[in-house]
Structure formats: C-alpha cells, structure tokens
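Annotated in TrEMBL:
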- A:11-96: domain 'Pseudouridine synthase I TruA alpha/beta' (DOMAIN)
- A:53: active site, nucleophile (ACT_SITE)
- A:111: substrate binding site (BINDING)
- A:144-247: domain 'Pseudouridine synthase I TruA alpha/beta' (DOMAIN)
C-alpha cells in the first residue's frame with residue numbers, strides 16, 4: 001500500500017552543494033534519496049519544503065515522498081540514521097495524508113542567521129556563522145527588522161536567477177537577539193521567501209547597523225517597490241532553515 | 001637574502017585529506033605552499049611539525065620554510081590570511097635560526113581529544129568531537145591516563161603503516177578534564193608520538209571507562225611491551241594538535 005511520508009531532517013550544509021539534486025555535486029537530496037531507496041526497497045524521489053543553497057544549514061527541513069515499501073514509519077529514522085552520513089540526521093518520520101507535498105503545503109517558514117564578532121577569524125566556526133570584525137548597532141538593526149513585518153513586495157531583496165512567481169510575501173516575525181556567547185541571531189518567519197531574500201535582508205540590515213545607510217532606505221524600498229535596492233547576499237554559512245509549518249488537515 | 005621562517009597555523013581539518021601534500025587530494029600543506037608561493041614570489045616547500053590525518057584539527061601547528069622572498073616577516077600573517085581559505089589561519093610568523101626544521105627540532109607536542117555525550121547525534125558537531133551515547137567512568141579513565149606518564153614503549157598503541165623509528169616515548173602530561181558544557185577533553189603531551197598513538201590510547205581508555213577492560217590491561221601492555229595490545233583508533237574528528245614547543249637556541 002502506498003504511503004506518503006513527512007520526514008523532518010537536520011543537516012550541516014558545509015559539505016554539500018545545497019539541497020537540490022545536481023548531476024555531479026554531492027547534495028542533501030541525493031543522499032536522502034539514495035538511503036531511502038535502500039530502506040524502502042525501491043527508488044524514492046523526495047520533495048523538500050524548499051531548496052537550501054550550498055553551505056546553508058537546516059535545523060528542521062521537511063521533505064515528503066511516497067513509497068510502497070513495507071518498513072514501518074516509526075522505524076525509518078533509526079534505519080536511515082544508521083546509513084546516512086553523520087552530518088545529516090533524520091529527526092522524525094510521520095505518515096501524512098495522501099498527496100501531502102512538503103513544498104506546496106508549507107504555510108510558514110522560519111530562518112535564523114548567525115553573526116559572530118571575532119578580532120581574528122576562527123577557522124572552527126567559519127562554516128557556521130558570518131564572522132565580522134566590527135559590531136553593528138543592534139538598535140538600528142532591530143529598527144530595520146521591524147519594518148519588514150507584514151505584507152510587502154520584496155522585489156528589491158531578490159537575487160537574479162529567481163524563478164519565484166510573486167515577490168509579495170507576509171512576514172510574521174523579524175527580530176535580532178543576542179545569545180549568551182555574544183552571537184547575534186536574526187529570526188525571520190514568513191509565508192514564503194524570494195531567492196536569497198534572508199541573506200539579502202541580513203546584508204542590508206548589517207549595512208544599516210554599521211551606519212552605511214539609514215533604516216529609512218529599507219522602508220522606502222519596501223513601500224515604493226522599485227525593485228532596485230542595492231544589496232548583495234550575506235554569506236551562506238550563517239543561514240539556518242529553522243522550522244517549517246503546515247496545515248495538517250484540509251478539506 | 002635567504003630567511004628561515006617559523007609559521008604557527010590553526011586549521012579545521014574537516015575538509016582536508018590531512019596535512020601532507022598528496023597528488024590528487026586537497027591538503028593543508030598544498031594550500032599553504034600555494035599561498036606562500038604567491039606571497040613570497042617563488043616556490044616554497046614547508047615542513048610541518050608532524051602530519052595530521054584527514055579530519056584531524058590543529059589549534060597550533062608549526063611549519064618551517066626558507067625563502068628569498070622580500071615580504072617582511074611581520075606582514076606574512078595578514079598577506080596569507082587574505083588569500084587562504086577561512087578554515088586555515090596563520091596566527092604568527094617569526095624569523096628562525098638558519099636550518100630550523102619544524103619536525104626535527106620539535107621537543108614537546110601536545111594534543112587534545114574531545115568527546116561529547118549526545119542521546120541523538122548532532123550534525124553540527126560531528127566533525128569536532130567523538131559523539132557517544134554512553135558515558136564512560138572518568139575516574140577509571142584518569143586512572144589509566146596516569147599510567148602513561150613517564151617513559152614507555154608504545155609499540156602496542158601504534159597502528160600498522162607507521163614509519164616511526166623508536167616506539168619509546170616520554171609522556172609529560174596525560175589527564176582527562178570535563179569542560180563546562182560537559183565535553184570530556186583528554187590532554188596528552190610528550191616528546192613524540194607513534195602513528196595513531198593518541199587515537200589508539202583514547203579508544204583504549206574509553207573501553208576501560210566503559211568497563212570493558214580493566215586499567216591493569218593497559219599497565220601490562222606498557223610494562224611488558226608485547227606490542228600486541230588490542231585497540232583501534234578513536235575517530236579522527238575528535239583530535240586536535242594543540243601545541244608544539246621548540247628549543248629556540250642551540251649551540
């Protein structure tokens with residue numbers, strides 16, 4: 001009998017060329033599909049809630065797939081973790097309603113972006129945070145972050161190469177926090193994100209925090225939708241897909 | 001004028017096939033020599049204090065080389081760090097006496113080995129610690145660690161493939177400590193180490209800590225020098241070359 005499975009996975013993206021399967025590069029999707037084929041006894045194609053770029057991490061990525069394999073759902077995490085590389089872990093496996101699609105059915109996604117101040121770059125954290133020598137002003141960054149809340153056209157924060165249909169997205173959470181060890185963490189949740197949106201936003205907020213442009217510049221871009229805001233993506237290694245939420249029941 | 005330089009470097013070994021240059025694999029030595037050639041304006045060959053295996057890290061590895069290049073010694077760290085990958089950092093550059101050799105002149109080397117207890121493996125630390133589900137007895141491990149102090153024949157803790165001349169080494173420090181976050185750290189310093197010695201010792205001490213063999217088994221191997229102690233190396237990713245010391249002046 002065909003089952004549809006919702007798998008929650010966690011990965012360190014440092015050694016992968018992103019989530020999506022590619023011809024020659026090692027990717028998260030390829031690793032998952034190879035190991036799922038062994039566990040399910042048949043070829044498996046997974047759909048992720050979204051792609052993560054090379055070097056981007058995931059605390060809770062969600063992928064869906066369907067299989068006629070007989071392994072009990074509850075046994076999947078242990079079976080997969082015993083053969084997956086240690087930098088990819090399966091946290092949960094749940095049976096979902098037929099037709100469940102991790103990408104199309106996602107209703108809210110949350111990311112975090114981590115920045116650390118280091119007078120000397122630290123080789124042991126360079127894959128996990130954006131290392132900076134100068135400390136931006138957290139008040140200014142939070143002032144800019146608050147402007148993002150609500151429904152906006154994010155054309156100005158979209159990198160070229162995007163295949164996104166609508167640049168209008170609703171942001172539910174947007175704030176900077178400081179952790180005990182001094183790491184700055186940006187939290188953003190929304191109903192969707194255009195290509196490179198979080199990294200472009202972080203870069204712009206850091207420029208604002210460093211006094212290179214006023215928070216007002218960001219407000220203007222969001223209200224006037226010029227689609228020409230000058231920005232460039234913050235480094236991939238600071239970005240973590242933190243959570244994906246779904247409407248689990250539908251009529 | 002030809003100068004001999006002593007360079008202190010720090011690296012995350014996760015993405016490298018060890019220190020030593022190899023034909024096709026990416027290594028620390030190759031990265032250093034490529035970047036030094038650019039900075040010095042001529043081909044450069046470096047000698048490390050010792051090889052580190054694939055996945056092994058270094059907080060302070062020392063390498064020596066000689067060059068006729070004109071760049072001031074004091075400018076080398078900044079020049080190299082601007083072109084080296086972020087997971088290799090040059091901490092210091094000093095002019096050494098002519099003929100200084102980072103391998104032959106090393107008098108004391110110190111390593112640390114890190115173990116963390118995690119009910120679920122954590123993909124973000126799997127490259128930096130040995131992850132374990134069961135907690136070994138620290139008292140037993142320290143009892144075994146103390147037996148290593150002094151001069152011993154370490155044939156039983158040498159992996160095959162070694163090119164080491166004498167298996168007799170003197171150990172100056174050998175103890176386990178617990179860090180604030182619960183990580184167990186083994187510190188060992190000696191005048192030299194046979195192939196895989198630290199990793200073989202850690203594996204054996206962990207077996208003792210888990211009650212699988214008595215501390216006495218290790219004592220017997222050290223005193224009777226049978227060279228047939230059953231062991232296997234603990235995983236590379238927990239090992240860090242922590243410090244290398246030299247006699248800086250010689251007659």
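Every residue, even glycine, has its Cβ placed from backbone N, Cα and C.
Caution: TrEMBL annotation is automatic and unverified by curators.
Put simply, residue A:53 (active site, nucleophile) is 13 Å from the residue listed as 'substrate binding site' when counted between their Cα atoms. Cβ-based neighbour count (10 Å, all protein chains) for the residue listed as 'substrate binding site' stands at 26. Within the same chain, residues at least 6 positions away in sequence whose Cβ sits under 8 Å from that of residue A:53 (active site, nucleophile) are A:13, A:18, A:196, A:236, A:239. The DSSP breakdown of the domain 'Pseudouridine synthase I TruA alpha/beta' (A:11-96) into helical (H, G, I), extended (E, B) and coil residues amounts to 25 helix, 23 strand, 38 coil. Secondary structure of the domain 'Pseudouridine synthase I TruA alpha/beta' (A:144-247) per DSSP (helix as H, G, I; strand as E, B; remaining residues coil): 33 helix, 30 strand, 41 coil.
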